Amino acid sequence: ERQTLLAVLQFLRRSNLRESEEILRREARLLSDDLGGSVATVASSSPGVAAVTAVPPGKGGARAGGCGVAARGWRLPFPGGTPGAWGSPAPPAASGALRDAEVQGSVSGVVVEDQPDVSAVLSAYNQQGDPTLYEEYYSGLKHFIECSLDCHRAELSQLFYPLFVHMYLELVYNQHESEAKSFFERFHGDQECYYQDDLRVLSSLTKKEHMKGNETMLDFRTSKFVLRISRDSYQLLKRHLQEKQNNQIWNIVQEHLYIDIFDGMPRSKQQIDAMVGSLAGEAKREANKAKVFFGLLKEPEFDVPLDDEDEEGENEEGKPKKKKPKKDSVGSKSKKQDPNAPPQNRIPLPELKDSDKLDKVMNMKEAARRVRLGPECLPSICFYTFLNAYQGLTAVDITDDSSMIVGGFADSTVRVWSVTPKKLRSVKTAADLSLIDKESDDVLERIMDEKTASELKILYGHSGPVYGTSFSPDRNYLLSCSEDGTVRLWSLQTFTCLVGYKGHNYPVWDTQFSPYGYYFVSGGHDRVARLWATDHYQPLRIFAGHLADVTCTRFHPNSNYIATGSADRTVRLWDVLNGNCVRIFTGHKGPIHSLAFSPNGRFLATGATDGRVLLWDIGHGLMVGELKGHTDTIYALRFSRDGEILASGSMDNTVRLWDAVKAFEDLETDDFTTATGHINLPENSQDLLLGTYMTKSTPVVHLHFTRRNLLLAAGAYSSQ
């Protein structure tokens with residue numbers, strides 16, 4: 001590709017990047033006798049500098065002229081942070097391939113937009129091969145792979161699906177409809193079962209016109225399908241295609257696939273099966289290399305007259321005062337700084353109010369009475385069944401202190417119940433408040449209007465089903481998100497709507513408050529997650545990168561990271577500070593519907609429609625476990641307060657308890673595993689299963705451990 005090289009060299013000279021130009025010249029001379037010519041890869045090293053190197057075709061990297069779509073983080077100033085630290089709102093900036101599109105654009109003389117134009121995307125299919133030979137090409141490659149050695153066969157079989165899709169689309173685009181139909185019918189049965197849904201969408205694209213408006217199609221085209229293959233297997237494939245002069249397939253491999261080559265033993269079928277299945281293949285190894293501060297923030301130290309508090313607390317309970325030394329140890333245990341924790345002021349967090357401090361003291365007291373769980377001591381489970389929920393229960397949340405439960409319903413209502421003897425009361429009217437003695441000790445009691453006391457409050461405001469609900473940590477606010485595209489913030493003092501946040505244009509599937517309050521996250525059908533602050537009506541961050549709906553969102557316990565699960569079958573971890581995607585986890589075979597971080601912040605559990613719970617080591621960016629047992633979608637996951645037990649709830653009407661300590665002990669995270677992704681999952685997850693609890697006919701949609709480790713579960717009874 002001599003022309004491209006010359007253009008790149010000229011560009012480098014114009015940009016005064018002499019060093020890069022020299023490197024490229026030297027490289028090009030080395031590679032000039034290579035059969036396939038050399039391909040320019042653009043990798044940006046710092047926002048203003050683009051380093052360009054030449055590599056042989058297929059050795060990874062984005063091909064010049066192919067649009068580099070990177071995970072973008074919009075950066076806006078943080079409220080409460082210092083202007084110096086946050087700067088003014090910057091334009092959308094891509095992480096990783098920051099200047100990719102501009103550099104490539106100027107090389108080829110066409111400016112490539114970040115979100116590529118449909119016709120530009122599709123024109124890549126213009127390269128015509130003989131349509132009648134496509135079946136021959138594909139079956140030839142299939143025969144070659146099936147006859148290769150076992151160790152290479154598993155790795156090379158990953159090529160079947162992306163090649164099948166791109167060859168089919170190429171035929172459709174070039175209007176060879178009958179050949180496309182015959183190609184699809186002959187080979188679609190060979191694809192792995194977890195691609196069935198994608199193939200169903202693909203089978204409906206039979207004309208060039210259909211391709212224009214199809215999102216799945218566009219995603220497949222714009223995001224290179226990532227395959228992780230050992231160098232030996234890759235050389236074998238390359239040699240075969242060059243001997244057979246099979247340019248059609250070789251072009252697709254170069255144009256549409258990203259082959260992540262590693263040195264070492266090829267992976268086994270079992271190892272590959274554990275990691276594949278997402279819409280765009282596996283994650284590139286580079287995607288999981290960034291440092292993540294997964295440790296917990298140091299608890300703030302505050303002086304509260306513990307003794308007075310104790311007197312009150314104990315007298316209410318009517319129990320003798322004891323366990324004093326234990327409380328002190330709970331307070332002091334968290335004073336050591338976690339070496340993996342982010343700096344305390346990495347993102348601005350809200351100040352603790354007096355009521356928060358009192359709540360923390362109560363929390364410590366409860367923790368002193370917490371039951372230590374384990375295989376020998378399983379939690380009791382209390383199940384809240386919503387009976388006669390003909391409105392259709394679509395979301396549930398329980399406050400941290402387990403005093404209130406909220407349900408979101410398909411009839412667009414949000415219903416809040418008190419689950420303690422204390423009823424829900426609203427604040428008095430302004431006229432009545434003016435009569436109150438503000439100096440009295442029980443002023444907080446007096447402002448409440450006893451006439452409004454009831455067990456249930458119904459909140460009206462949404463105009464579509466409510467898909468997500470979340471209580472604020474201080475129990476003063478409630479979030480709800482809906483099919484109407486809004487997220488609403490409700491006051492639990494007045495039981496009225498305070499704000500409607502409008503940012504998503506489509507249904508919002510999930511929302512969650514930060515563990516520190518103030519910030520919250522939402523994710524929806526528009527494929528992005530947004531970070532908000534309660535006092536800003538515009539989002540602070542937009543996390544873009546998923547290829548399908550963002551179905552669930554979760555804050556890391558230290559509030560510096562957000563995990564999102566998507567219908568593209570991947571889980572991503574985003575850095576709140578700069579909006580970058582720092583982890584991409586692939587392995588689920590269906591849309592992801594539940595996420596849970598372990599209390600120590602090191603691990604993440606994810607559940608999906610495939611009925612599997614996958615466990616991830618966040619620091620190393622690796623899958624470390626797979627829990628099989630559920631037979632339907634997993635909608636709820638929760639770790640016990642000390643992290644010994646993982647509870648999972650599913651549409652199969654069961655709650656299952658898993659031994660989290662055993663699942664995470666003796667992890668093999670040596671350098672080789674981390675570098676190549678050769679994960680070795682235990683054969684049988686049944687020895688981690690501690691118990692299965694059936695309901696009569698109630699799918700489990702929410703799980704919650706109380707501060708003393710009682711497990712609460714919730715769902716709506718279904719009569720079918």
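Cβ from N, Cα, C; glycine included.
Since we're looking at a predicted model, the values are computed, not measured.
As annotated by TrEMBL, domain 'TFIID subunit TAF5 NTD2' applies to 129-257.
For 304-315, the entry in TrEMBL reads compositional bias 'Acidic residues'.
Here TrEMBL flags 304-358 as region 'Disordered'.
Residues or ranges marked as compositional bias 'Basic and acidic residues' by TrEMBL: 327-338.
With a threshold of 8 Å between CB atoms, the same-chain residues lying at least 6 positions outside the repeat 'WD' (386-427) that come near it are 359, 362-363, 433, 447-450, 452-471, 473, 475, 478, 480, 482, 484, 490, 492-495, 701-702, 704, 706-707, 710, 712, 714-717. Per TrEMBL, repeat 'WD' is recorded for 386-427 (among others).
Model confidence over the repeat 'WD' (459-494) stands at 94, taken as the mean pLDDT rounded to a whole number. According to TrEMBL, the feature repeat 'WD' maps to 459-494 (among others).
The repeat 'WD' annotation in TrEMBL covers 501-532 (among others).
Remark: secondary structure over the repeat 'WD' (543-584) totals 0 helix, 24 strand, 18 coil, with classes taken from DSSP. Under the heading repeat 'WD', TrEMBL lists 543-584 (among others).
Under 8 Å from some Cβ of the repeat 'WD' (585-618) lie the Cβ atoms of residues 194, 197, 274-278, 281-283, 292, 294-296, 340, 548-549, 551-554, 556-558, 563-567, 569-573, 624-639, 641-643, 646, 648, 650, 652, 658, 660, 663-664, 667, 669, all in the same chain and six or more residues away from its ends. Look at TrEMBL and you will find 585-618 (among others) tagged as repeat 'WD'.
Summarising the annotation, TrEMBL assigns repeat 'WD' to 627-659 (among others). Cβ atoms under 8 Å from those of the repeat 'WD' (627-659) belong to residues 367, 370, 372-375, 378-379, 381, 383, 590, 593-600, 605-609, 611-615, 685-686, 688-705, 707, 709, 711, 713, 715 of the same chain, restricted to positions at least 6 beyond its ends.
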Distant-in-sequence neighbours of the repeat 'WD' (459-494), which means Cβ under 8 A and at least six residues beyond its ends = 353, 355-356, 359, 392, 394-401, 403-404, 406-416, 424, 426-427, 500-513, 515-517, 520, 522, 524, 532, 534
